[in-house]
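> Here it is, the structure in full.
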Protein chains: 2
Amino acid sequence: MSPIEIALEEARAAAARGEVPVGAVVCAPDGRVLARAGNRVEELHDPTAHAEILALRAAAALRQSPRLPDCSLFVTLEPCPMCAQAASFFRVRRVVFGAYDPKGGGVDHGARVFAASSCHHVPEVIGGVREGECGAVLRAFFSGLRGQGGAAPLDPPLG
Amino acid sequence: MSPIEIALEEARAAAARGEVPVGAVVCAPDGRVLARAGNRVEELHDPTAHAEILALRAAAALRQSPRLPDCSLFVTLEPCPMCAQAASFFRVRRVVFGAYDPKGGGVDHGARVFAASSCHHVPEVIGGVREGECGAVLRAFFSGLRGQGGAAPLDPPLG
């Protein structure tokens, strides 16, 4: 299974827990999965518990190092500004994401964190990988919520 | 002691642990301190362990809620983009900070997270509170490191 497929598995597992379905994987250069995580914001009462942050922290804990300069972060959705800046702080080599997020993204939209001159480490970015499937998981989740009586906002922040 | 003075205490305690000296406090509307924290990036091998994130997560855990809409975040340094976005996600009412950070800040500098149209919750921001003392703690820390043989980069990211 490719890293983005594993991230999709994590996204689907997050949906099953009632979380906004975003999944993330941190890989070593040889493709080995160091950490995988899904969104756990609701479960942990913690809006910083995005899939990317959880996976990056787990990989760094495994390595006993705050820096992951040879690693790639795979995530099903364009990272928000918080997660984009975190990926920069962890010094990841590459960020690969699935669906674009015009409403909450912080890489190709909004604050465009990596484009700021004060961003000291800018990873390589590849967006739109398995975009259709990654976006479909999110759309299915939010349309299900709306079907239950409008529990979701009309314009949910996805990141 | 005022919240920013408590944050300064946390910053000095962080310096004593060998951490970049930034401290943060989350206060309820009546001024009661819900959480206080200093930077623990080195200790935890975790670049997301900024003072702001640790204090916000602790306050949310105390409240058993991911949202702190009546709370203020006090921090000795302008938050970086990661922490600014986190403050928005926690829905804090107000962000009060000490020193400005032209090199790593994400509120009045760089990515200017709160100014992005995709920032769904924009707190009130008050910068420059006890600016001199807050900056002095950081300058003393970095000049001490340089005195020890250049362990610090010349332009350290502070946030």
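Heads up, residue numbers simply count up from 1 along the chain you see.
Any Cβ shown, glycine's included, is placed from N, Cα and C.
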> For the Zn(2+) site that TrEMBL gives with B:Cys80, B:Cys83, which of B:His45, B:His50 also belongs there?
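It is B:His50, as the record lists it for that site.
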> Within the domain 'CMP/dCMP-type deaminase' (B:1-108), how many residues are helix, strand or coil going by DSSP?
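Summed over the domain 'CMP/dCMP-type deaminase' (B:1-108), the classes give 40 helix, 23 strand, 45 coil.
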> So how many other Cβ atoms are close to B:Glu52 (active site, proton donor), meaning within 10 Å of its Cβ?
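I get 32 for this one.
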> Fewest other Cβ atoms within 10 Å: which of the binding-site residues B:Cys80, B:Cys83 wins that one? Let me know.
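Among the binding-site residues B:Cys80, B:Cys83, the sparsest Cβ neighbourhood within 10 Å belongs to B:Cys83.
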